[in-house]
Amino acid sequence: MQQPSSQQQIGNKFSRIDYMQVGLTSKNTFKMVRLNGNVAELVIGDHSGSLHMFTLKMDSNQVETTFKTLPGPNAKINCVEVFSGANTTNLIRILSASGSSTIKGFNKKGKQFFCLELNNLTEPIKMFKMRWPDEIFVVGQYIYNSYLINTESINSNSSNSNHFNLSTNSNKSGSFNSVIKSRHYYVCPEKINDMIMLEDKFNRRTIPILACQDRLLRVLKDSACSFEIEICGIPSIVQIVPKYGSHDNLSGDDENKMKENKTDEVHLCYGTLDGKIALVTLQFLEKNEVEPLHRWQVPLNSIKQPVTCLLFSWENAEFFVGRSDGSIEIWKLNETIDDDNFQSIDLSIEPTLMEVYNCGESVTNIVPVSVNGKPDSVLMCSTFTGLVFGLIKHGQAVTQMRQLNPNYLIIGKENAAKIDALKEECEKLEKKLEIERQKYEKHISSNQGMSDFMKDNNLSALPFFAINDSFVLHNDASYVLMLEVEVAMDVVFIHCDIGLDLIDCERNSAVISFNEPNESNSNEILATFRCQANTTRLEIQLRPVEGQHGTLSVYVISRITPKSCQIRSYAIQPLSLHKRQYSNRQIEFVNSLTITGEFGINDAHTWLRKCIPEIPEKLSLTVPNVESEVFYYISTMTNSVLICNCGKGVINLTSDNVSTISILKDFLTREATRQSTQIEINVQIVERCISVILRHLYPLIKNLILERQRSNLFEAVNDLQSSDADIATQLLKDLNLDSNNNPEKGKINSAKRPQSSETNRQDVLIGLDRIYGIITDMFIDYHKLKGNSMTTVLQTAKEKLPEMISLIESVIFESINNETNIPARLDNSLKEEMEKLIERLYQFWDVQLG
């Protein structure tokens, strides 16, 4: 089944019902307690510290509160865990991590029976898992802890009290060691984004797996990291794939065979900050070894927003994905039937996107609920702003929507009178609020009014509003800045002290205007985004220029009164378009930069961290007697490789891009000079390295030039359409610009999308200027590192730039004409074109091959 393309088709698949509004929520704070028939019991925790358990009757869509705890200061709930039985006779245990170091337990009536205060933690609890009833696993920003609780001591001490308090404060009584015991402790070198627990039934233990900011999954054993698994992006969430399939129709031999094949494999599905969903299989081999097998990742090329929640269905071969842009996706795993007519799930094949729904707010949690024996017929969702709603699949909507649709409701006169009275009361309150708002604005608009306002002991407090933001690098060498505010935004200002290219974003409905930069800094960017009414979310796509570093400052002004502004700052590093990887790719032509001097490894680490993204805050020297760290990077713009090896008194940098070496040399020299550290620099440049980058950029240049030529032709034909439409239509077909013959190229049809055609043209021109600048910088950096005079090189480059552009385009137009004259071309024709362009550019810039 293909992905739904129209909103109407998607709308027919879901019906939405809003149930309640709570405070701001985070991921892992909305859980199913129990499903009893058509009555679902759920619990949700918010940032105010309130834990709300409620029942939802699916046949009538009625919500009844079971209990709701009081909010408190600094009591933000970061995680909720639930333990319950299958029927009503079993006990219900609800655990929540609130504040910085407290885990509380509540029963189904809201009575607190358990309180664990982990006063020995140095950072707030980000997430916890519990293996009922005596093991607790806790993670913060960087630290993992596991504790063992003595349940016998709890039962004996809590028999005469309502609840039992546990504390790790060493100043308390010595009975702590007999009640709770710290088992394992691990400090992660990078931030921990998520954690899952893997049950090892053979050894009767639990294996923690940490999803970390440095694109690694870390498998822990006790207090050490046993394995590090590289993944395709920065993980935001990770889940274990259930083992689907029924064994009822299998013989005993088939069941044993299936167990032998499957028990040594664990499938992990994870979502990343750049919007990818991927699956990796962990194959546990002999001698405690693990071999990862990467199955698939979706989508491959398109830009998606970060994955905020991921959940698998235990009944259907489906999983549900929530994103920060409000998208809720249903993916279907591929089912196969073998020769014995046994239905199984083939995880080696990419899943299929079945349904998409966008709620307009960042999705934090998804809970599937079964109704009338139909699995996952309702998706309960929560958003960042605290909205709890349900998505009802097609087939259930008519029955359930009757309770809310006025066409199906019969309202008595008494209830109708109450509704009218409430409407009148709301209107009066709105008018009173508007009068008070006007009075307030009148007082603060003048100095005299403000003084009179203060004499009456009236105080105006600036309201605080929470901002959910992300700044993520994507594979197309662009950053996506996402801002989500709990109140409506009025204006967003963007200021950066270096040059940036703002890229048009389809989901951005704000009106943008640019301000004139200061005379002292012509590269400075100051842009204003004026948001429409009730806009709580804004996406901005931008692309910095490597070699320049600065700070991107974002000023968010809300529509609430009095006006208030919050600032968010993001560092843009000199090599901001590089992303980290762990597999060492072979470099064909190696350029090297070696810096030696009297500096420590911490100094080298600090210098690199200021220059390159994704350098961890802490060093992780895992190999004994080796005091050095190695980092591997790849450029999202030029596909070049960078290897950084830093140690005490030496920094060794290798890359196949001469511009990367030049940027690092300038920055590290400046940092060492600023700290008055004497260093020695050794640079080795290989002339043929430039050809590697040119081979990668050639297809991009050719596609952009073709797109520009197509856009110019279409614009000329479109002007002809006003005078002679028939000739214009025929020209569209002859030039292969007709959308009916070529849907992909028909996207530039200005008759349907005139604004997008101009936007596409501007993006093409900006892309060409960017690539021409990269090529020019490479040859400038080459001559600079060779010791030539920079004044002469820059003057020559400025004069030669138009000639170089003409040279590149002439070679490409010549190749296009050859393609037209000779339809059946050899496979190596593209290679010949590239080598021809490389040879001419080398001659043009006076580069002598050794």
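Think of each number as a place in line: the chain as shown, counted from 1.
Heads up, the Cβ atoms here are built off N, Cα and C, so glycines get one too.
The coiled coil feature in TrEMBL is assigned to 412-446. Taken from TrEMBL, the feature domain 'BBS7 beta-propeller' applies to 40-151, 152-391. The domain 'BBS7 GAE' feature in TrEMBL is assigned to 463-570. Per TrEMBL, the feature domain 'BBS7 platform' maps to 578-683. The domain 'BBS7 helical hairpin' feature in TrEMBL is assigned to 687-801. Taken from TrEMBL, the feature region 'Disordered' covers 737-759.
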PLDDT averaged over every residue in the domain 'BBS7 beta-propeller' (152-391): 80
Under DSSP, the domain 'BBS7 platform' (578-683) has how many residues in helix, strand and coil? 28 helix, 37 strand, 41 coil
The domain 'BBS7 beta-propeller' (40-151), counted residue by residue under DSSP: helix, strand, coil: 1 helix, 61 strand, 50 coil
What are the DSSP helix, strand and coil residue counts for the domain 'BBS7 GAE' (463-570)? 0 helix, 59 strand, 49 coil
